[in-house]
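Below are the features listed in TrEMBL for this protein:
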| type | residues | note |
| --- | --- | --- |
| BINDING | Gly13, Pro14, Thr15, Ala16, Ser17, Gly18, Lys19, Thr20 | ATP binding site |
| BINDING | Thr15, Ala16, Ser17, Gly18, Lys19, Thr20 | substrate binding site |
| REGION | 38-41 | region 'Interaction with substrate tRNA' |
| SITE | Thr103 | site 'Interaction with substrate tRNA' |
| SITE | Arg126 | site 'Interaction with substrate tRNA' |
Amino acid sequence: MEEEKFDLICILGPTASGKTTLAVALAKMVDGEIISADSRQVYRGMDIGTGKDLEEYGDVPYHLIDILDAGEIYGVSQFQKDFKRVVREIRSRKRIPILSGGTGLYIQAVLQNFSHTYIPRDFTLRDSLIDKEYSDLKQLFEKLPKAHSFNADISTHKRLIRAIEIAKWLEGNELLEEPDLSIEPIIFGINLDLDTRRSNISERLRERFDKGLIDEVQQLLDKGISADMLIFYGLEYKIITQHLQGDYTLEECFNKLEIAIHQFAKRQMTYFRKMEKDGLKIHWVNQNTLTERLDFITKFVP
């Protein structure tokens, strides 16, 4: 087996696949620090719904978790900046950065150094686009002068609207380049068979309900976080907020959420496969137990 040079380890995979457990065990082996690549774990107070499991880290240092209050805006451009800063800090301590998470856009943006900047949201534009069909939005996007001046992710209706927003903003503004950060990543992707993945998701969702997931969402509402913002965060926060507003019974809420998370996990895997097509080499970890996964990874990571 040809030896791969690397200075950063990435663990990616769908929700409920055991990424944190694997990343923590690996960090202990290689003297590493974990960088979370999760678009919702950045928010304080959103703990159960995002699966932070902070006690699992033990004495392993972790980064980019609980850095903002719920209700604030955070996106890929800020993640890139924070990622570069944290990697430099970890390297200064002579330790190995371990990027771990399931937000494919964030992971791909930092590993392939996509050009992003903080571009303000245009809510008037969004309101004018939200009800349009995906095909109409794509046609509109393709006609914009700046449509191909950046690496746009147009894989979903929501992301296509954001791409239009960025392209229109770029017509009158310029992207500012940040100092580059050189990294040589080695990427491991957890690949569960469908039955195991679905079983894990359903079991974990029941556990989260038992731990007080509905109370967590109610507490966020009580703190003044708007229902619209929680719905924007998606999945647990969206559907439980709608339940608390009286749209669904508790049973309907659970069932709708279970289906939504299964669909989300499928989209995650689709995005990871897209990353491969875009040139990122992923070593797929097909084993189910932690010991077997570590045995596989240590073939590449001495």
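First residue shown is number 1, and so on along the chain.
A Cβ is built for glycine as well, from the same backbone N, Cα and C atoms used for every other residue.
Curation does not apply to TrEMBL; its annotations are automatic.
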Within the region 'Interaction with substrate tRNA' (38-41), how many residues are helix, strand or coil going by DSSP?
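Secondary-structure composition of the region 'Interaction with substrate tRNA' (38-41): 0 helix, 0 strand, 4 coil.
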Hey, of the binding-site residues listed (Gly13, Gly18), which one tops the CB count within 10 A?
Gly13
Counting across all protein chains present, how many other Cβ atoms fall within 10 Å of the Cβ of Ala16 (ATP binding site)?
21
Taking the centroid of the Cβ atoms of Thr15, Ala16, Ser17, Gly18, Lys19, Thr20 (substrate site), which other same-chain residues have Cβ within 8 Å of it?
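Going along the sequence, the neighbours come out as Gly13, Pro14, Thr21, Gly51, Gly102, Ile190, Asn200.
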For each of Thr15, Ser17, count the other CB atoms within 10 A of its CB; which of these binding-site residues has the top count?
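The largest 10 Å Cβ neighbour count belongs to Ser17.
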Setting Gly13, Pro14, Thr15, Ala16, Ser17, Gly18, Lys19, Thr20 aside, what same-chain residues sit with their Cβ within 8 Å of the center of the Cβ atoms that define the ATP site, listed in sequence order?
Gly102, Ile190, Asn200
Can you tell me how many other Cβ atoms are located within 10 Å of the Cβ belonging to Pro14 (ATP binding site)?
26
Out of Lys19, Arg126, which of the recorded positions is least crowded by other Cβ atoms within 10 Å?
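Counting other Cβ atoms within 10 Å of each of the recorded positions Lys19, Arg126 gives the minimum at Arg126.
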So what sits near Thr20 (ATP binding site) in its own chain, CB-to-CB under 8 Å and at least six residues off in sequence?
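Same-chain residues close to Thr20 (ATP binding site) (Cβ under 8 Å, separated by 6 or more) are Gly51, Asp53, Glu56, Tyr57, Ser100.
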Work out how many Å separate Lys19 (ATP binding site) and Arg126 (site 'Interaction with substrate tRNA') at their Cα atoms, rounded off.
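If we compare the Cα positions of Lys19 (ATP binding site) and Arg126 (site 'Interaction with substrate tRNA'), the gap is 34 Å.
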